[in-house]
Each structure stands twice: as structure tokens, then as C-alpha cells.
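This report refers to the structure that appears directly beneath it.
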There are 2 protein chains.
Amino acid sequence: MAQKKYVYFYGVSKELTEGDSSMKAILGGKGANLAEMANANLPVPPGITISTEACAYYSKTGGKYAPEMEKQLKVQLKKLEVNMGKKLGDPKNPLLVSVRSGAAVSMPGMMDTVLNLGLTDKSVLGFVEQCGNERTGWDCYRRFIDMFGDVVMGPYTGLTHHDFEVELEAIKKKYRAKEDTDLTAEQLKELVGIYKKVYQNKVKKPFPQDPIEQLDLSIRAVFGSWGSERAEKYRQINKINGLLGTAVNICTMVFGNMGAKSGTGVAFTRDGGTGHSKPMGEYLIDAQGEDVVAGIRTPRHLDDMPDEESKVWKKVHTDLLKIMARLEKHYKYPQDVEFTVQEGKLFMLQTRNAKRTGLAGVRWAVEMATGKDFYTGESQPKILTQKEALMSLSGEDLEQLLFPIFDIIAEKKGKVITAGLPAGPGAAVGKIVFEAADAEAAVAKNADEKVVLVRHETSPEDVGGMWAAQGVLTSTGGMTSHAAVVARGWGKCCICGAGSLKIDYKEKTVTIAGKVYKQGDWISLNGSTGNVYAGQIPTQVSPVVSAVVDGKASAKKDPIYKMYEQVSKWSDANRTINVRTNADTPKDSKAARSFGAEGIGLCRTEHMFFEGDRIWAIREFILAEDQKARKAALAKLLKHQQKDFEGIFKAMDGLPVTVRLLDPPLHEFVPNSKKDQQEMAKRLGVPLKKVTERVQELHEFNPMLGHRGCRLSITFPELCVMQTQAIIGAACKVAKAKKPVKVLPEIMIPLIGTKAELDFLEKIVRTQAEAVIAKTGVKVNYLVGTMIEIPRAALTADEIAETAEFFSFGTNDLTQMTFGYSRDDIGTFLPDYLNEKILPSDPFQHLDQTGVGQLVKMGVKLGRETRPDLKCGICGEHGGDPESVKFCVKAGLNYVSCSPYRVPIARLAAAQAAIKG
Amino acid sequence: MAQKKYVYFYGVSKELTEGDSSMKAILGGKGANLAEMANANLPVPPGITISTEACAYYSKTGGKYAPEMEKQLKVQLKKLEVNMGKKLGDPKNPLLVSVRSGAAVSMPGMMDTVLNLGLTDKSVLGFVEQCGNERTGWDCYRRFIDMFGDVVMGPYTGLTHHDFEVELEAIKKKYRAKEDTDLTAEQLKELVGIYKKVYQNKVKKPFPQDPIEQLDLSIRAVFGSWGSERAEKYRQINKINGLLGTAVNICTMVFGNMGAKSGTGVAFTRDGGTGHSKPMGEYLIDAQGEDVVAGIRTPRHLDDMPDEESKVWKKVHTDLLKIMARLEKHYKYPQDVEFTVQEGKLFMLQTRNAKRTGLAGVRWAVEMATGKDFYTGESQPKILTQKEALMSLSGEDLEQLLFPIFDIIAEKKGKVITAGLPAGPGAAVGKIVFEAADAEAAVAKNADEKVVLVRHETSPEDVGGMWAAQGVLTSTGGMTSHAAVVARGWGKCCICGAGSLKIDYKEKTVTIAGKVYKQGDWISLNGSTGNVYAGQIPTQVSPVVSAVVDGKASAKKDPIYKMYEQVSKWSDANRTINVRTNADTPKDSKAARSFGAEGIGLCRTEHMFFEGDRIWAIREFILAEDQKARKAALAKLLKHQQKDFEGIFKAMDGLPVTVRLLDPPLHEFVPNSKKDQQEMAKRLGVPLKKVTERVQELHEFNPMLGHRGCRLSITFPELCVMQTQAIIGAACKVAKAKKPVKVLPEIMIPLIGTKAELDFLEKIVRTQAEAVIAKTGVKVNYLVGTMIEIPRAALTADEIAETAEFFSFGTNDLTQMTFGYSRDDIGTFLPDYLNEKILPSDPFQHLDQTGVGQLVKMGVKLGRETRPDLKCGICGEHGGDPESVKFCVKAGLNYVSCSPYRVPIARLAAAQAAIKG
């Protein structure tokens, strides 16, 4: 049986190199890229990579090496020694190596680097001879003891870098050395002696003089750090799953600390903040890698390199830029490199995809694909195809272009007082208010007033105040709670489920971690991260929104807008499914259309019931004793609803509009407070007792599973009658207007669980629609379909498709029922579920493809067995989540629908899914 | 193309007869049985049956005959006339027929019978000549006008039998006739003239003199009555679905009103009330069928027939008994027959399966299969096999043997004041109380006190009062609400969701339909029908329960118990799956075992938390600030829980016991009233604010979809730890007792939606269990499994079965989530859904095989793909519903589990499913 390969060689030559950049999963990012550079004949110091699979073995066995690994490591070490002509620990000609961790994904929190491994009391002498520099030799040794003690032994013994630093400072003081470089070889030798004592004091063992033992302990330290709390935490926060472990890279040392012709640095092929295409970087002369990071000396800018005293640097600079350009082109992504110059010779120690902001990401993508600087118009090499540019982007990148964001530096300085779920994007700054009415009043009084609405949760009654506020912060509710859904629909900042808020509505205060914030105190929300800050953090507005939504001519000239436009154009050219929007008003519809929406996938009618005096008509309906009285109440709503639909149809001229019939339970329309109930009784001229009794009657134990959706229209068919009249009435009216509008209404019946429900209501809808059409004499084509949001509907989709002309997957409710999770209550256990990795992510944010997705696929398949041309879409919140959109493309949906501000993101995701095939 | 056959002939000879009893769906029950009797050469007057498909055509087209039907009817009428040698409407030799409806299922509410059709002013003379009796001729004619006017024309014109009756009384008075039979031919002729005027007055047309028109109108009347409100209502109440329509039987008339050698009657082969095997029946001499029903004259008992003056009756009696015995043997079911004797010759007009009580059903089944009278020991013919006997029974039959029931006659006289869902079986009579505490107090004071607990809904706090009460009546909640589930578990009478109750807890009154009932007023509940009566209705106790549960020796001699035992034995001999029980206490476990339970399928642990002082420990747990304090609180519960399990394991010695870990949300354990919260604060020594805040924190919008089930143990693993210690601790203790108990514990983790949840808890369970086993040194085998009650669990059952050793389908929750119906809120729309036929039945009562059942089948299939020997059961309320049990057998489950008192019913259903194959 073939042995499992755990240890890989790289460097010296392409032939000897055993890996490449496709092997990140088992070599880690660092190891794979080192191999890739070696394959490209770039100057990489040769080395060995122990695979992530070896780490997995080590973790699983509680600290044992795979037996094959030990054998293979010996062989590869031998190969390295032979090729380098040196030997680990050799007193004459020692090989020194660095040991570096490297998982498939860059991941802080793990053990990073040990340099100069292989130095011992004996080998240091040989090393001195090798490099011809006594000072360098002892400097390397003392650095090694420091790093080894801190990084390898520290976690078990409490030994830290600080313990050594103290001694360094002492000796510098003793010999009046200003800089570390001022210490002589002799003094450094003395320091080595001191360091070894420091080591022995904490570790209770002498500093190991066997390089193989040094290596063994270092490898174990790297493997062990994979499971450290910090590393676990990082993976959890960053949703990094499914990795085997970390690889260990054992790299031949090169030395930047060999005098004026040596040095070390980091560089980026492009700016990760602004996205500017000019290479940038920093370096230190006569230093080893950790000095740059440690900030002991101020590093110099890459641009200064050609002007250094030693002439070698000019060539190093030219070589480095050439290599960086080659790497960027090779990886088709801006690179972040580490390099070391040893006596005038450049070595590449690492390359990886550079980190960046969303803006930089978009700029890189469009500039690398067009070969044009979007700010200056200058040309640059075309590195990417259009498709590659799109694939390099994420939804979050685009999001940063669409919403106001905090000034990055100001935010870093801000004080995070609590955090919640990032429910609505962008940043918001305002004075705290606790009541929707207060928010409205404040803005009514002074249009420039900025408030943030802070509540336990919001209800449809609060929409006015939510609109007036800069942002919304709630203590309960999840990503699809009322506050979240409404805010996202508006592109408004919202943080939900910040459980640590203790709100006192009476006192108008909120207590967070013991500190009391009063109404009027400033607060800042980052809706993209969920962080809440005390005070005001400056924000920047989005030129894209100014250009797209407000139509500002100046904003249309902004390069950011132009880049957005470029990405959108490419997205549309590549995607295969439509993107619609969830919008309930003409205003939202217009905004969505300007963001590229190709129709409305979900027009909720319930929000219309709250505007102005309409709520009184629906309350009259609720109190009515018989159908006659109910019809009379609904008659008052009819003309309002029709007017709403007219506006929406006009805004969506030529595009389909899916209108969902009334969905929420009736109790959402009645007031809960005694005072408001008294007002209701007075206004509707009924005894208070009647109101309170009816409110009590409407109470449900589990309203989500109660009398709502199609169930309402089955018990009160007059509701369905009125809404159909309003929809088709509006359609006919705008269709026969002077400037005729092309209307494509799709009437959607919610919460269907059985075919019989749909049949019952479809009959009513068709009867009413035909009557209106006959009366107005305008031929309007319309579809009747249903939401698939009840598991049973997906399971019986073949039956339901006999009646339904389209399906729209309501994945919010489908997720609720498939998991049995109330989206309003999930906050009590979701954090534990994410902590314990029981769920990979919030299923209301990212569609659960295994369970819920299975029902979606089943629904599409069964539905199309009955009706091959069945139009299928998704209108849950997942319609705006890139991963979920990609799933929708695979599942064969015809469109996704999302809130207006997420339309560009969905267009990108749809394009990416199509490109990926 | 072959014509569709709509019209069938029967009678004269086997060769001419075109149908048989297998064709009920299209000939109706009556038509099919007439054909069957004709095939058996029984004396059946020949006739024609128009099929139910013709009715369906008529209904669908809004009142048109299928064209083929009209043609075929003409042909068949001709055949009838030729064979009878008579002709419809012929003035010399007229053929008279009756027209009778007959659907596949016997169904009151439709047009029933028109006799003597074919009589006109002319043909009556020929008929007189034929029968040689002028009086008979005119008597038939006046009866025909009456029936035709009332039954055929009445629905359109308002003409009723009463309109004619008035005239009959008038003429009797005029001629001083005491009985109808005292009227002379001349007087009857006069009456015919009067009747025709009565007819013309209301109908505005003369009485039709064309027999074909008479026939046409009658057929239309029968077809039309199929869709009448009464008939629709009947079908709905009796859950009769899927029928095409009614057939129409056109039968050659025979005449029981031809003097002393003629007569008519009905008879039963066995007693439908007591089940006694002696034939019984009633007849009238010189009368037509409707006279028996109308009760004008007192009919005579069948036993008197041989003693009639005319000697022909002796032979008729012998012939009739022979025919009845033949029919019972042929149909393998007691028969209900109609017969007419025309001048000494016996004709069979109808036979059908007789109606019966549950007791009679059981007695028939066991006596017909054993050939033994269970009361007298006398022998009788063996007509059924054991399997046939079982198949003749229903769960409701057995139920009537198990629960106290009302005296039938007293109940008929009782006043139904409202109705709800029949949630717990049997009958209950008691004084109204509104608080559980009041119920307990009343019974504590006087053990013989009988109370009925009337509430909006019940909660776990109320169980003491529910136990003390005779029955429970609630205004909200469905078949699986708390009240329903608990009551059924005890075999206690319960009616839920009686929406018209207006309870005033303060005043201690309940208002029903405007009438106020006070605390202490008597009320009677029929838990098998849902009817609520004012006052006291006498009840009978069940000897089966006395024998089985109380072990009374005298009851064991009761024939009813013996019959129960016989059915149970046969059931066990035939069934292929196990029947377990849902029981939470040693007492329930014992009762269930004596009813034949083969283990516990669901032992809920939450009820144990309410007993005595335990609630304070769980409340302490809920208030605890950290895990240490939570563990301390749970430690107090441990010994109690362990003790409970010891008792249950002992009761179930040798049988498996599935224990479900804590399931309900924590808010169920904290009080809601201010007063109780104050008590809680005081008792636990914390500020009231802490209690109220925690209660508020525990509030959920949709608790059914909230923090419960396995989610609790994932956030509070110490709960799972404690419960495992209690279960395995108890198992080890009883296993190593002096008299060792064989324990087979199965630990069931509820509400699993993902494999990761199960893995997390399974690890804890196994670790704790092994620790207890190691500590006690007793080897106890246990299983760890899960409920499949979340749709996602069924969808990913293959993954879950990697960890789960058994599945138990929790079809209550699975139904809730698959449909999106809250079982506590379904009452608001379920009645409309049943009315509109959107649901065939309450899915919480009868498993929805299409949707929910699909998930069950998927779960079993996927689960066994991973683990072929996976044990699968069902522990939802459906486990006691016969139809659902049959589904479970088909789905391949290993067992069903139901409440103790439903175990015998489930055993029967399981046997029936096995027999049906």
C-alpha cells in the first residue's frame, strides 16, 4: 500500500518542488504559494512543508505524529541539507531554518514564526564563520532564543517576549546603546547568556541544544496552536469551516541582518485601502522580519529604496517590482509579499492575495479588467477578463459602495459598547429616541435632526418613526424580524437582537453594560458589523446612491459610481436569471428599478394598511359582526389600495409585479395599550369591552403558525375579493390611461399548504378579476400563483402546480417551519448554536441548502413535472444573499427578489453563479 | 366508441341482472344489493338502477341528463315492461314503480322514496282491475299524489305532506272514519280529487298525467337532493368524501296494502343495540312502506307473525327468517331488510348492513366468529373467521367498551348547549368549577364530589385539578392542546375548543348562548361527540376498565370484558407491529401494561417537574445566574427524577422504556400572575424585579418554535447531564436490586433538526451514562435516539441516523411544522376549513398521509439507508388513531405508541392493517 504523503519539498528547482498553488488545502496558503513561486523559478529559499493532514492527525490523536510523517520528515530534511550543502546543528556549516505555520486561509491567532532555528552554543560558531560576521551570528542566536521561548514554549510556561525585552533594555542601558544595532558582538554574546538563564528560569529546563529537538518542539507548537482558543474564536467569527488544520513550513533561513546590503520588508502590488494601482511597501535595512512588524525602528517606504546609499538597492527595487508584477499577473490578484535581501540578493519569503476594503476590491476588479485607472484615466496592463473581475468580488464589496460608511480610522478609535446582528447595512449616527412617534416629531420639527430609534422590537405601527430615524437598534429579533426586513428594504442601517440592552421606556433610558444612556445621547451604529458605539463617528455618504436613487448629475461623474456601473453592466451581461425586488410603494419601486430590478417579486400589501386613516378601516373590519359590515369596512380601503397599485404599476411599466394578498395575523392591526384601545372604541363608536374582547380573541399562542396568510381570506373571502378588485382595478386603469402602462400583475396567494386552499381562493380571484376586466373593457393578462413557504406545499408541489401559474419560494417562513425556529425568538439560542458549531451560520441569513434547500429543489422539480413552464422565484430575505442566490441559480429558479438596495448585489451574485456554471 | 353505461337492469333472473354488490360505488348501496339479491334468486321485484355517475353528470352540468342515460333508460324501461307484461300508464294493465335514491353510503337527508308512480286518472282504473280491489287502487293513487307532491315537488313549491294530511283528517272526520283503512273506495276517490286540487294550488300546475313526466321529475328530484344543504351537511359531519352522487332505483311496485294477506315491514338479523343474535323486526298488515315509518299505526313485532289470523303469515315468517339468515351469511354482516308481502307472497325490497352501537358491533364480531353467545353460552352458526371479525370492527366500537358512556335514551332527551372537539373519550357529569385548585379542594373535602373543570385552556400547573375533575371543558385549543393530551393520557373525558364559552373567572360564571351558568351548576360532557349538556345525564361505567385497571374479579366475569379480551387476543395474534404507550408515571405505566402495552414509547419528563416541591428547584434553576448555581438547583431534582424512573422501570420490567429529555420552553415553569411571582421571589429569596425580568426574558413570540427541546440542553448542558444521571442511575439501581428488574432504557433527544445537535447531546448522554454504569458496576444496555418532529430532521434522516439508534416520529410537532399550524390556535380557522372541505379532517386527529406522511416515509427510508436495523416508532397522538396506525404499518414502523386507554384500539388497528396487508 502506498504511504500517505505528509511532507513536501519545494525550492532549488522546479523539478525538486513537489507542490503548487492548487494544493492550498493540504499545503496551506503559504506552503502552496512558496511551491508555486519555486515552480516559477523565483528566488525562494528552499524548504519543506508538513501538510495540514499531518496536523489533523495530530489533533485527532491528542498530540501524536502520524508515523509516516516522522519518516518522511527525516528524508526531506536530508534532501534539504544535501541541496543547501549545510547540516542542521553542524558546528562548522550549520543549516538554519525558520518554522512558520500556514493554513489554507490566512488566520491570525495561531503560532506564527520562529526564525534562526538550528542555532546552538556550538553551531552559532560555525554560523559566524559562514556569514563572516560575528555580530550577525550572536544577534541571530539571541533572537532565536527570544522567539523560541516566547512562541514555542510560552503557551505552556508563561514565558513571554517581554521577559527577554527587559534584559535587552537592561544591557542596552548598561552599554549606553541607543539602538539594538549599536550592541557589539561581545555584548550580544553576553545577552545570549542572560537569555538562556531567563529561559531556564521559566521553562525549568535548559535551552535545547539539539536542533532536532528544537524543530520537534516548534512543529508541535504550530500544530497545537491550531486548536487554541484564539484560533478557534477567529475561525468562528470569520465563519471558517471545514479546514483540516495548519501546515508547517520549514524554510531555509536567509538573513536581512547582515549589514547595509541586507534587509527585509513587506510590499503590496496595489493599495488595499483606496485600490490605487501603484505598488507600495515598507522595508528595514539590517533587520530580520519581526523588526518590521514590531515597530522598533521606523521602516522606510518602498519608493525610497532606489535612493539608498548602497547601490545594490536600486537593482533590488527593480527586481522586486518585476517579481511583484509577475506574481500579480500569475495569481490574477493583487499580492502581499514578504521579502528579504541578504547581502544584495533578493529572496521572496511569501506571497499571498492582499487584503483590501470593498472599494479597493471593486477598483482592482474594474481596473485590472479594463486596463484603465478609473480616477486618472491612465492605462495599465489588462490582467483579468470581465468574468474573472466579477469572480474576484463579493457582495460585501459592493455593499460598501452603496451605503454610508464610517470613516475607518474614526471607527477604530470609537468605543464599542455592545453588538447585535448586522440587520440593515451602512452606518448611522443620531440621538437616541425610544418611541417611533418621538422620532417622527423630532424630524418634523427639524429636518436635519438625526435620531436613532432604540426599541425592544418594532411593529408595523412604528414604520413612520423608523423612516424618520437614521437607524434602528433593537434588543430582540433576528435577521428577518420586522425591524430588519423593513430597514433593509429601505437600505437603512439597523442592528437587531442586541440582547444586552436594558430599555426603560418610562424613564426613557437604555442601560448597556451598567452604563445609562438617556434620550438625546448620541449613538453610532455600524449596520454592516453590528457594532454599536457611544458618541458620534463621522460617516461618508455613497455617491452611488446619490447618482442612482437621487439622480444627482455630479455623483454620476464620481469614479465610484462609474465603477459601480461597470460592475453592474458586466453582471447583467453574464447572469442567466432575473433579479426582482421586494417593494411595497411606488417610491421603493422606482429606487429598485434604478438599481436594476426587473420587476417586483414581492409587493406586500399589509404595509399599505397602516398609512393615514386606513388603519381605522381595517380596525372597523376586525370589529365587524357580520360579512356585510366587514364588506362595508373594506370598501373604504378599496380605493386607497387601488391607488397604491396604480403608482406601483406605473413605476414598473413593462415589468411584472407580484402582489401578495394580506399575510399577517389580524392582531397586528389592533392596539395593545389600554389608552389606544380606548381611542379605538371611541373612534369606532363601540364599547371598550368590545374592543378588549376582540383583541383578546385575536391573541394567539403561536401567531406565526396561526390565523394568517391564505387562512384569513378563507375565513373572510371578502378580503380576497377587495384586494383582487384593487389590483386588477388599478391594472385596468393604468393600462387604459392616456399614456398607457404595460401591466403584468401576478397575484400571489400566501401560506398555501394544500391545493384545496389555493383552489378556493384562485376561484375567487379569477371571478373578481374577470368581473373587473369585463366592466372596464380592458384586456389585462394576469397570473395567479402562490408562495411556497410551508413545508407541505413543497412536498405536494405537483398538486399545487395544477392550479398555481407561478411559485415564489418564501424562504423566511420555509426556514422557520423546516427548522422549527421562530425568527423572532432564535436569539435565545442562536449564539450558542454558532459557538458550538451546531449551525454553520444563521439560516435566516444564508439559506440552509441541505434542509430548506432540499424542499426548494423538490418544489421546483415537482412543480415543473406538472407544469413544465412553471415560473419559479424566491422572495425571502435570502434573495439578497450572494451564497443563497448562487443556490437559486443551481436550483433552476427563474428569478430572485430582494430589497431594493440589495439588487446590485444579487445581480453580481447571479452573474457569479452563471460564470461558475 | 362504446357508450358509457348509466342504466342497469336487475331482477327476473340472474341472467338479466346486470350488477352485483361489488358495484356500490356506481349502483349505490341499495341498487347493488337489489342486484345481489336477484343474483341469489331471492324474490326481488325487478327494476332499474340509474348510476351515481349519471348523478355526477347531472350535478356537474347544473341539471342536464347525460344523453346516453336518456336513451338507455328508455331501453331498460321497455325491458322492464316486457318482462312484467305491463306498461307504464297503460289504462288497462299499468306498470307501477317506486323511485328510490341510494348512494354508496346510507345517507339521510336526500330524497327517499316515491311509491306507486305510474298512476294517473286513467291508469288507476286499469290498476283497480288488475288487483281486483277498488279501494287499494284509490288508496295507492292518493298516497302517490301525497308523496309525489311532498317529496318531488315540495322542495320547489313548499308543498308538504302536512298539506295533504289535513285533508285526510278532514275527510276521516267527515265520514267518521277512525283509521285510514276505514275509508271506503268511494271516499278515497273523493280524497284523490281533493289532493289534486291541493297539488294544483301550490304547484300552479295540474298533477301530471303522463307517467314519463312523473318519472322524469322524480329522477330529477333525487339527483337534485344530492346537493341539498341537508345532504351536504350530513356528508360533512360524517366525513363522507369522494362519492360521485346518488343512484336512482326504479322498482316494480309490489303492494302491501292489498288486504289481510298483504303487509310490509322491516327486520334486523341481530339486535343493533345490545348485539343479541335473535332476529327482530316490525310489520304492518295491509299497509305500504311509509306507514311503518310514519307511526300512524302501531306495528307488530316479528315474533307475532306466525300467530296472525291468516295462515299465510306463518310461511312468510319461515321464509323471511331463512332469507335473512342467508343474507347475513352471504354478506357476512348482520342485515337490515325491508320486505313486502303481496297477497301472501314475500318480496325483498332492500337489504343493507345493519346499524349498531359499539357494544353490538363487538358482540356481533365475537359471536359470529366463535359461534357462541357470550351471554348465554348458546351456540350459533359460525359465520366469520377471526380475521373477518376483526375487520368488522372500528376503534370507536372498542372505545365504547372502555369508557363510561351516557345512557343513550337519557342523552337523547338532554339539551345540547354547545359543542367542542371530542378531545378525551367517554362521558363526564359534574358541577362546574373554574380553577384547578377549586377542583382539587372540592374533591379533597368530599371524595365523592363530582366536578367538571371549565377553563379557557389548561397549563401544566392545572394537572392536579384536572385529575380531580370528572372531565375538562376548554374554550380554546385543539385535539393536541395540553388539556386534550393530558386527559386522553388518563382516559379522562375532555372537550376542547368550545369557542362559544364566555368565561368570567372573576365572577365565576360561564355564559353559553346568552345563558349564564354559575360555579356549582351541573353540566354533562360527551367526550366522544363533543356535545355539552346542561344538567346531569346518567352514565354507565365500563366493566372493562374495572377488570383491567382496577383488577375487579366480578368485572372479569362480565361478558363485555370477555368480549374485549377476545378481540384483544385476536388483535395480538394478527398484528405485525408493537404497541407501546405514552406514560409518565408508574401508575399510568401499570394501567397501560394491563391494556397490553409492550413498553413505553414516550415518557415525558416535564410533568415530573411539577410534582410537590420540585417546581421550586426548577424555578431556582431558571433564576440561576451561572452554571454552578444551575447545577446546584438541578441536584435537588436528581433524586426525585431518579425515583420516578425507578417506579416506571419496575412497572415496565422486561419492556423498553423511551424517556424523552425535557421538552417544553422554560416559561411554562414560571408563574404569570403578580401574586405568584411575589411568592416565587419570597420563597427563593430574590427581589421581585429579578423574577419579573426573568419571566419577561422568557417570553417568546412563538414558543412552539422557540427555545425548547434539545435547544434547552444545548444552552444548558447541565440539564441533559442531570436527566441522564437520573435515568441511568434508576436503571442501574433497579437492575441490581434484590429482585432484579430487566431494564431497557432508550434515551430520546427531542426536537432535533440537525445532526450536529444530536451529536452534541449524544456525547454528553453517553459520557454521563458510562460514568454512572462504571460507578454502580451494573451493565445496563441503553439506546440513544431522537424524535423526528422537525421537517428538517426527516429531510436529513440519513445524516441523523448516523448517530441515532432509534427514531420516534413526533407527529404532533411534525404536523404543526409541516402545515404551519399551531395546534393551540388552529381553532380559529379549522371549522371553516372543514366546512369548505379544504381539509378532509383535523390533521392533529388523523395523520395527513400526503404531506406529513411523506416526511415520515422519507425519514424511515433515509434513516434505514444509513442504519438498516433502525428502530422506528411513532409517539404523537396519531399513535392511537386507527387510520394513522394503519398508515404506520404501511410505512414500516416497528411500533406505535399511544395513551394507555387507546392501547387496545391501537392493537386492533395494527391487526386490521396487517390483515389488510
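Heads up, the Cβ atoms here are built off N, Cα and C, so glycines get one too.
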Which single residue out of B:Glu625, B:Glu693, B:Glu789, B:Glu836 does TrEMBL record at the substrate site shared with B:Arg604, B:Arg660, B:Gly810, B:Thr811, B:Asn812, B:Asp813?
B:Glu789
Beyond the site residues B:Arg604, B:Arg660, B:Glu789, B:Gly810, B:Thr811, B:Asn812, B:Asp813: chain residues whose C-beta lies within 8 Å of the centroid, for substrate
B:Leu602, B:Asp663, B:Pro750, B:Met787, B:Ser808, B:Phe809, B:Leu814, B:Cys875, B:Gly876
B:Arg604 (substrate binding site), Cβ-centred 10 Å count of other Cβ atoms over all protein chains shown, is 19
Need one number: mean pLDDT over the domain 'Pyruvate phosphate dikinase AMP/ATP-binding' (B:68-300).
89
Count of other CB atoms lying within 10 Å of the CB belonging to B:Thr811 (substrate binding site):
31
Would you pick out, from the recorded positions B:His482, B:Gly810, the residue whose Cβ has the largest number of other Cβ atoms within 10 Å?
B:Gly810
Taking CB atoms only, which of the recorded positions B:His482, B:Arg604, B:Arg660, B:Gly810, B:Asn812, B:Asp813 fall under 8 A from chain A?
B:Asp813
Among the binding-site residues listed here, B:Glu789, B:Asp813, whose Cβ has the fewest other Cβ atoms inside 10 Å?
B:Asp813
Sort out the sequence-distant neighbours of B:Cys875 (active site, proton donor) for me: same chain, 6+ apart, CB within less than 8 Å of its CB, listed by position.
B:Arg580, B:Asn582, B:Gly601, B:Leu602, B:Thr658, B:Met787, B:Ser808, B:Phe809, B:Gly810, B:Ser897
Assigned element (helix, strand, coil) containing B:Cys875 (active site, proton donor), judged by DSSP:
coil
When a 10 Å sphere is centred on the Cβ of B:Asn812 (substrate binding site), how many other Cβ atoms does it contain?
19
Between the Cα atoms of B:Arg660 (substrate binding site) and B:His482 (active site, tele-phosphohistidine intermediate), what distance do you get, rounded to the nearest Å?
17
B:His482 (active site, tele-phosphohistidine intermediate) and B:Asn812 (substrate binding site), Cα-Cα, nearest whole angstrom:
12
Rounded inter-Cα distance in Å - B:Thr811 (substrate binding site), B:His482 (active site, tele-phosphohistidine intermediate)
15
Roughly how many Å lie between the Cα atoms of B:Glu789 (substrate binding site) and B:His482 (active site, tele-phosphohistidine intermediate), rounded to a whole value?
18
What Cα-Cα separation, expressed in whole Å, is found between B:Asp813 (substrate binding site) and B:His482 (active site, tele-phosphohistidine intermediate)?
13
To the nearest Å, how far is the Cα of B:His482 (active site, tele-phosphohistidine intermediate) from the Cα of B:Arg604 (substrate binding site)?
13
Counts of helix, strand and coil residues, the domain 'Pyruvate phosphate dikinase AMP/ATP-binding' (B:306-358), according to DSSP:
23 helix, 17 strand, 13 coil
